[in-house]
Amino acid sequence: MTSTHSSHPAPLPYTRLPDLTGSTVENGKLKLVELLGHGSFAKVYKALDTQSTASSGAPIHYAVKCLLNGEPGSQEHHNLQNELKNHTQVSGLPGVVALHRAFVEGEHVFVGMELCDTDLNRFVIEHKDCDEQCDVAKRVFLDVLDAVETCHAEGVFHRDLKPGNILCDADGKNIRIADFGVATRSEESKQFGVGTAVFASPENMDNTRDTYSPRGTDCWSLGVILIALMTSSLLWKAPVESDDTYCAYRADPTHFFRGTLDLSPSFSSLANRIFDPNPARRPSIPELRTEVETMDTFVVPPPVDIVALALQNPLHKPKKSKRRATPPPVSSNATTPRRSLSIASLTKKLRRLVRRRSMS
């Protein structure tokens with residue numbers, strides 16, 4: 001007997017979209033030259049403007065999102081109208097991807113936007129464990145705060161803030177918020193489970209509540225992004241009781257942040273306030289900015305026995321001496337400049353290694 005229930009989840013809407021690489025749209029004005037990626041509902045292409053060039057003569061490119069054109073009254077149609085309305089509200093403002101045009105061709109809708117070099121997801125991966133990671137992360141995060149605050153000032157709450165929806169230049173500058181597909185202008189929402197679970201607030205995931213604050217869930221998401229930028233790691237799969245990692249945090253927040261993630265005491269204290277179960281007690285964006293701006297140390301690697309690890313994993317093997325079978329003992333209070341340099345270099349490498357292991 002065939003079961004009427006499938007154990008497999010329904011395919012995501014983007015899988016019903018064809019690969020249009022090489023095609024032209026908008027009466028030949030745009031050529032889709034490269035598939036950049038996809039989300040749950042859309043595919044995004046790099047498109048060449050075939051009819052215009054920049055003043056320098058350089059070609060003009062756009063990012064073009066392709067979605068299914070749902071029937072009027074359908075959820076797909078509602079989501080698209082919501083995205084265009086909210087994106088239009090903030091397009092052109094500092095820190096927001098510019099929306100250029102939207103048009104329909106057959107069963108597809110195309111949305112032309114500003115093309116950016118990369119997103120924060122790739123940027124974090126590329127800068128993982130670099131010596132200046134925390135300094136770069138601090139600069140980037142403050143720019144993200146400015147961009148989100150700009151949207152909030154216009155009454156638009158994103159509800160799906162995550163590194164993949166934050167675009168930037170290759171050097172992490174010129175931060176721009178993208179993808180307003182689940183954004184809202186409501187200060188209180190009855191739509192639960194909106195956005196990406198890893199970055200969502202617990203009240204967003206709790207449908208036993210009457211409502212929750214989209215503004216507050218954006219602030220929670222910013223906290224998860226800050227941890228990701230500083231440590232290159234995510235906190236939990238979802239802020240729900242069935243998630244073991246989230247439960248470990250709730251059971252002992254200080255140990256979780258300082259013992260597991262090696263956050264500094266000041267950063268651990270801030271993280272505790274950002275992820276307070278009571279949204280009313282969490283810091284606002286201006287308060288969060290002040291805390292981050294004035295914080296000097298975000299991550300403190302755990303103490304390591306440098307000498308023991310150096311003996312186990314020497315950076316430089318001692319040269320064999322023709323005159324002595326074994327090297328002479330090294331005085332504890334006399335170290336050669338070369339040995340000092342090796343230990344300093346080893347210390348840096350070991351700290352990065354320990355931090356990387358603690359994040360995996």
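Each residue, glycine too, has its Cβ placed from N, Cα and C.
Because TrEMBL annotations are produced automatically, they should be read as predictions rather than curated entries.
Ranges compared are 1-20, 21-40, and TrEMBL records region 'Disordered' for 1-20. If you draw a 10 Å sphere around the CB of K65 (ATP binding site), it holds 24 other CB atoms from the protein chains shown.
The average per-residue pLDDT of the prediction over the domain 'Protein kinase' (30-299) is 92, rounded to a whole number. In the three-state DSSP classification, K65 (ATP binding site) falls within a strand.
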